[in-house]
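Participant: Supplied in structure tokens, the structure appears directly below.
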Amino acid sequence: MEGSDFLLAGVLFLFAAVAAVPLASRLGIGAVLGYLLAGIAIGPWGLGFISDVDEILHFSELGVVFLMFIIGLELNPSKLWQLRRSIFGVGAAQVLLSAALLAGLLMLTDFAWQAAVVGGIGLAMSSTAMALQLMRDKGMNRSESGQLGFSVLLFQDLAVIPALALVPLLAGSADEHFDWMKIGMKVLAFVGMLIGGRYLLRPVFRFIAASGVREVFTAATLLLVLGSALFMDALGLSMALGTFIAGVLLAESEYRHELETAIDPFKGLLLGLFFISVGMSLNLGVLYTHLLWVVIAVVVLVAVKILVLYLLARLYGVRSSERMQFAGVLSQGGEFAFVLFSTASSQRLFQGDQMALLLVTVTLSMMTTPLLMKLVDKWLSRQFNGPEEEDEKPWVNDDKPQVIVVGFGRFGQVIGRLLMANKMRITVLERDISAVNLMRKYGYKVYYGDATQVDLLRSAGAEAAESIVITCNEPEDTMKLVEICQQHFPHLHILARARGRVEAHELLQAGVTQFSRETFSSALELGRKTLVTLGMHPHQAQRAQLHFRRLDMRMLRELIPMHADTVQISRAREARRELEEIFQREMQQERRQLDGWDEFE
């Protein structure tokens with residue numbers, strides 16, 4: 001592509017995303033399907049604005065690379081070790097069983113057995129980008145099904161290497177003997193990357209962070225991600241696997257959150273580009289010519305994978321309420337099929353339209369997943385949001401809640417228990433299906449689903465409730481829910497959980513004054529106890545805690561106008577100095593009044 005062509009393609013991609021994704025969200029079909037439809041519209045079989053799909057598809061794989069780096073940051077090595085059984089047990093079983101069944105079905109058609117084996121392996125893989133995105137959207141990350149789904153995807157990435165090595169063997173074009181020297185050099189290079197990353201990455205980032213220039217830190221992060229991807233690609237390994245390992249090596253470092261913040265905007269844009277390019281690759285000519293066969297192939301592919309995944313989830317002991325989520329989110333074909341089938345085609349394993357039919361099947365199966373997950377959500381909603389069983393008697397028999405609690409993790413549970421202990425009528429909205437049944441048994445009125453859906457809020461009694469307590473894990477969900485409540489349920493008193501100062505600023509800007517920073521109060525209480533153990537009078541330590549809380553809140557409010565502004569950095573330093581001066585001055589005054597409590601403070 002020429003430089004001007006790349007610029008034009010970039011403008012078209014941005015326009016397609018800006019136009020299609022909000023429309024898709026408004027129609028309720030999700031952003032991923034919106035990207036895919038946008039790709040079809042601007043691709044060679046749509047309006048024809050872009051014709052060089054293969055080059056863009058290869059570049060857009062960087063979205064998956066960035067996503068795997070962020071996933072790696074969230075998993076430390078000890079956590080990864082805990083997942084070893086699900087990775088090499090369920091993951092291996094899924095690939096082998098799905099590949100065997102699908103290859104057998106392909107052999108019943110016109111596929112030679114070699115082409116059927118390659119086709120079965122390629123179709124057995126799932127889309128890492130789509131599955132992880134949907135798992136995040138559905139709140140499956142921390143659930144049992146989400147952890148198992150990630151394990152399966154990780155094994156599939158590991159299986160890329162032997163799958164690609166198998167193609168020349170099946171084609172009969174492999175060398176009579178392996179180049180063991182070449183293989184040994186690749187293994188040594190991979191081990192060198194692990195050792196070098198383990199001992200060099202943290203000192204390097206410490207040196208870069210000391211410069212205080214944020215742009216350099218972002219550039220270093222991009223260099224790490226792209227460099228590790230390029231290195232693994234040169235070794236003939238998965239680029240996504242390389243960046244995942246780099247993320248794991250930095251998961252326990254002090255720069256984890258800063259790295260995630262630096263990468264996140266690039267990840268989102270490149271993932272969108274990936275889905276658009278997948279949509280562009282859909283060959284509508286093959287679809288029109290072989291419509292019936294393609295529809296049958298998509299249905300069979302999704303059905304076989306759901307069957308295998310559901311049975312494995314049952315054998316693994318996954319709760320019945322989570323099995324369909326696990327099976328549905330991994331039921332599509334994946335991006336690896338494009339690479340494997342292209343390699344097989346270059347070795348002349350496929351005949352006629354076989355490769356085109358397989359690729360169309362994979363692409364359409366990816367488009368079915370968001371719709372399938374919506375059907376699963378509706379089924380789960382009917383299953384768990386229906387009338388409660390007679391033996392599950394709630395503490396309060398009033399259908400109109402006083403309070404709606406959104407999210408019932410560790411933070412929300414404390415609030416819920418306090419309210420229930422004081423005979424308040426509460427309704428809980430929770431996206432983790434595994435927790436819904438358990439909470440109902442203990443008398444909570446629980447609705448499964450996404451609280452950012454207005455219909456679910458109405459069903460939960462938002463129009464009659466007095467307050468809503470938002471304890472979402474994701475700040476984006478919190479702010480979206482605040483906006484919805486202010487627009488549709490303005491009578492509600494909004495109380496929210498803030499993960500830190502940034503979220504606190506956003507809540508204040510949105511007009512939410514009743515919020516709690518999740519670690520602030522507990523840290524202050526522990527600090528007060530520390531002062532007492534150091535010899536400070538208990539009254540003086542209590543007053544010190546109150547002063548610090550008041551002054552910190554004042555500083556928080558003063559910094560609102562400069563939120564997300566570079567000036568905030570210098571102002572924050574100035575505010576800290578001011579806080580210290582005021583704190584010392586007021587504490588000197590307190591030392592003269594060690595007796596008595598100021599009830600008006």
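Glycine is no exception: its Cβ is also placed from the backbone N, Cα and C atoms.
So Swiss-Prot lists the following for this protein:
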type	residues	note
TRANSMEM	4-24	transmembrane segment
TRANSMEM	29-49	transmembrane segment
TRANSMEM	55-75	transmembrane segment
TRANSMEM	87-107	transmembrane segment
TRANSMEM	115-135	transmembrane segment
TRANSMEM	152-172	transmembrane segment
TRANSMEM	207-227	transmembrane segment
TRANSMEM	230-250	transmembrane segment
TRANSMEM	268-288	transmembrane segment
TRANSMEM	291-311	transmembrane segment
TRANSMEM	324-344	transmembrane segment
TRANSMEM	356-376	transmembrane segment
DOMAIN	400-519	domain 'RCK N-terminal'
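So that I understand the layout, could you describe where these features sit and how close they are to other parts?
Facilitator: If you look at the transmembrane segment (4-24), the same-chain residues 6 or more away from its ends with a CB under 8 A from one of its CBs are 30-31, 33-35, 37-39, 41-42, 49-50, 52, 56, 272-273, 276.
Residues 12-13, 16-17, 19-21, 23, 130, 133-134, 137, 272, 275-285, 363, 366-367, 369-371, 374 of the same chain lie 6 or more positions beyond the ends of the transmembrane segment (29-49) yet place their CB under 8 Å from a CB of it.
Listed as Cβ neighbours of the transmembrane segment (87-107) (distance under 8 Å, sequence separation of 6 or more from its ends, same chain) are residues 113, 115-117, 119-121, 123-125, 148, 151-156, 158-159, 300-301, 304-305, 308-309, 312-313, 316, 330.
Non-local neighbours of the transmembrane segment (230-250) in the same chain are 61, 64-77, 80, 128, 154, 157-158, 160-161, 164, 186, 189-190, 193-194, 197-198, 201-202, 205, 224, 256, 259; each lies 6+ residues outside the stretch with a CB under 8 Å from one of its CB atoms.
Listed by sequence, the residues of this chain that lie at least six past the ends of the transmembrane segment (356-376) yet keep a Cβ under 8 A from its Cβ atoms are 28-30, 32-33, 36, 119, 122-123, 127, 130-131, 134, 138, 278-279, 281-283, 286-287, 290, 293-294, 297-298, 301-302, 324-325, 328-329, 331-334, 337-338, 341, 350.
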Participant: Any contact between the transmembrane segment (152-172) and the transmembrane segment (324-344), i.e. 3 or more CB pairs below 8 Å with pairs at least 6 residues apart?
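Facilitator: Counting Cβ pairs under 8 Å (6 or more apart in sequence), the transmembrane segment (152-172) reaches the transmembrane segment (324-344), since there are 3 or more.
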Participant: Cβ under 8 Å, sequence separation of at least 6 from the ends of the transmembrane segment (207-227): give me the contacting residues as numbers and ranges.
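Facilitator: Residues packing against the transmembrane segment (207-227) from afar: 62, 65-66, 69, 201, 243, 246, 255, 258-259, 262-263, 266.
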